Amino acid sequence: DVVESQEHYKSRWRSIWIMYLTMFLSSVGFSIVIMSVWPYLQKIDPTADASFLGWIIASYSIGQMVASPLFGFWSNCRPRREPLVISTAISVAANCLYAYVHVPRSHNKYYMLTARALVGFGAGNVAVVRSYIAGATSLTERTSAMANTSACQAVGFILGPVFQTCFTLIGEEGVTWKFLCLQLNMYTAPVLFGALLGVINIILIFAIFREHRVDDMGRQYKSINSDGEGSDVLDQNTEGSIDHVAVVALNVLFFVILFVFAVFETIATPLTMDMYSWTRKEAVFYNGIILSVIGIESVIVFMVVKTLSKKTGERAILHAGLLIVLVGFFILLPWGKKLPNIQWQEIKNNSIPRTAPSEMLAPFWSLPEVQLPSNHTAEPVGCPVTQSWCLNTPMIYLAQYISSDVLIGLGYPVCNVMSYTLYSKVLGPKPQGVYMGWLTASGSGARILGPVFVSQIYTHLGPRWAFSLICGVVVVSLLLLEIVYKRLIAFSVRYGRMQE
C-alpha cells in the first residue's frame with residue numbers, strides 16, 4: 001500500500017476546493033442573468049418575441065449537453081487543467097460577447113442566443129469537475145465530496161439572482177465608455193462580473209490545482225491523464241469491466257430527476273397565476289421567494305445526507321428521495337370542488353364584468369372583492385378561459401402548493417447527490433470523464449424537455465393530466481430502481497476488493 005503523505009493530502013483537497021469553486025461559478029453563469037434576459041432582449045432587439053426567449057433560455061442547456069461528453073473525453077486523455085482552462089475561457093469570452101450584443105445594428109437577438117449557448121458550452125466543464133472529484137476521493141470521502149459539489153452548485157443558483165438584483169442599482173442607462181463601445185448597466189454589469197470571476201478561476205487553476213488520483217481505498221496512484229504528479233500503485237485496482245446496466249439505469253434515473261424538477265420550476269409561475277389570480281409581478285416575486293427558500297433547504301439537505309448516507313447507504317436514500325418527490329407531485333393533483341377564478345378575455349363592445357382578485361387570496365391580502373369592467377386597464381388575472389380545462393378542473397389550494405414545494409425541495413437534492421455518488425462508485429477507479437459527460441448531457445436534455453412538456457400538457461390538458469403523468473414517470477423510475485437495486489454497488493465491492 002502507498003501511504004498518503006500530509007503534503008499530498010493537503011494538495012489533493014486544495015485541488016478539490018478549486019473544483020468546488022468552478023462548479024459554483026458555472027451555476028452563477030447561468031442564473032446571474034436569468035431574470036434580466038427578457039427585458040434586455042426587448043431593449044436590444046424589438047423583433048424578438050417570447051418564443052425566441054425560450055430558445056435563448058434553452059440554448060444554455062443545449063450548449064452544455066453538446067460540450068459535456070467532449071470535455072469529458074478530453075479530460076480522460078489529457079491533464080484536466082487543459083479542458084478546465086479552455087472551458088472557463090470560453091465562458092469568459094461568451095460573457096463579454098453578451099455585454100456587446102447591443103452594438104450590432106441588426107440581428108442582435110442572434111448574438112445573444114450565441115452568447116448564451118457559448119456560456120452553456122463552457123459550463124460543460126461540470127463533467128470534468130465531477131470526474132476529477134470522483135477520481136480524487138476514496139469511497140469513504142466520495143459522498144461528502146459529491147454533496148459539497150452539489151451544494152456549491154445550489155448556492156451558485158441562489159446567489160446569481162442576488163448578484164443581478166444588486167446590479168439593478170446601476171440602472172438601465174448606467175455608464176457608457178465610448179472608447180470601448182461598452183454600456184455598463186444593469187444588464188451588462190452581471191455578465192462582466194461573471195467574466196471577472198472566470199478570470200480569477202483560471203488563475204487559481206494554474207496556481208493551485210494539481211492532478212491527483214486515488215483508488216477506492218484512498219491509495220495514491222498515477223492517472224493516464226496525469227501531468228507527472230502522483231505515485232504508481234498496482235494496476236489490478238482498475239481490472240474488471242464496468243456494469244453498463246447500472247450505468248444506463250442511473251442515467252435514466254438522473255434524467256427523470258432533473259426532468260421533474262425542470263417541470264416544477266417551469267410550471268410555478270403559470271400555475272400560481274392561474275390558480276391564485278396572481279399578477280405577473282406577484283407570481284415572479286412570490287415564486288422567487290419560494291425558490292430561494294427551497295434553495296436554502298437544498299443546501300441544508302446536501303449537508304445532512306453526508307452523515308445520513310454513512311448509516312443507511314446511498315441506495316436507500318435515493319429510494320426515499322424518489323418517494324418524497326412522488327408524494328410532492330401527488331399532493332399537487334386537484335382534489336377539491338372549487339374552481340379557479342376565470343379570466344374572461346376582453347371582447348369588443350362587451351361589458352361582462354370579471355372578478356379580481358380571487359376569493360382565496362382575499363383573506364391573505366385583506367382586500368375586498370371588487371368588480372372591474374371589461375374595459376378596465378388592470379392586468380387580467382385568473383385562469384384564462386382559452387384553457388378549456390379551467391372551466392371544469394378544481395383549483396389547487398395554496399396549502400397544497402406550499403406543501404408540494406417543501407417536499408420537492410427535500411426530495412430533489414437527495415436524489416441529485418445520491419445519483420451522482422452512486423454513478424461515480426459504480427464506474428470505479430477508471431477514468432470517468434466521458435461517463436460523467438453523458439450523465440451531465442442527460443441532465444441538460446431533461447432541462448430542455450421539461451419546459452416543452454409543461455407548455456404542451458399543462459396548457460392543453462391542465463394540471464390533473466400534467467401531474468398525473470409526472471407521478472407515473474416517478475413510479476416507473478422507482479420500479480427501475482428496484483430492478484437494478486442490487487447492481488448499484490461500488491466497483492471495488494463488486495469485485496471483492498472492499499466490503500460494502
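Including glycine, each Cβ sits where the backbone N, Cα and C put it.
Any TrEMBL annotation is an automated prediction that lacks curation.
Straight from TrEMBL, the features:
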DOMAIN    15-489  domain 'Major facilitator superfamily (MFS) profile'
TRANSMEM  17-40  transmembrane segment
TRANSMEM  52-72  transmembrane segment
TRANSMEM  84-101  transmembrane segment
TRANSMEM  113-133  transmembrane segment
TRANSMEM  154-171  transmembrane segment
TRANSMEM  191-209  transmembrane segment
TRANSMEM  245-264  transmembrane segment
TRANSMEM  284-305  transmembrane segment
TRANSMEM  317-336  transmembrane segment
TRANSMEM  401-423  transmembrane segment
TRANSMEM  435-459  transmembrane segment
TRANSMEM  465-485  transmembrane segment
Residues from the same chain, set at least six apart from the ends of the transmembrane segment (154-171), whose C-beta lies under 8 A from its own: 23-36, 184-186, 189-190, 193, 288, 292, 295-296, 298-299, 302, 413
Beyond the flanks of the transmembrane segment (245-264) by 6 or more, those residues with Cβ under 8 Å of it: 318, 322, 325, 329, 408, 412, 415-416, 419-420, 422-423, 426-427, 435, 438-439, 442-443, 445-447, 449-451, 453-454, 466, 470, 473-474, 476-477, 480-481, 483-484, 487-488
Segment-segment contact (the transmembrane segment (52-72); the transmembrane segment (113-133)) at 3 or more Cβ pairs under 8 Å: yes
Distant-in-sequence neighbours of the transmembrane segment (284-305), which means Cβ under 8 A and at least six residues beyond its ends: 143, 147-148, 150-151, 154-155, 157-158, 161, 265, 268-269, 272, 278, 317, 402, 405-406, 408-410, 412-414, 417-418
Overall pLDDT of the domain 'Major facilitator superfamily (MFS) profile' (15-489), taken as the mean: 81
Annotated stretches the transmembrane segment (17-40) and the transmembrane segment (113-133) touching (3 or more Cβ pairs under 8 Å): yes
Surrounding residues of the transmembrane segment (317-336) on its own chain - C-beta under 8 Å, 6+ positions past either end: 253, 257, 260, 264, 305, 308-309, 393-397, 400-401, 403-408, 410-412, 414-415, 418-419, 422, 463-464, 467-468, 470-471, 474-475, 477-478, 481, 485
Listed stretch, out of 113-133, 435-459, 465-485, that has the most CB pairs under 8 angstroms to the transmembrane segment (84-101): 113-133
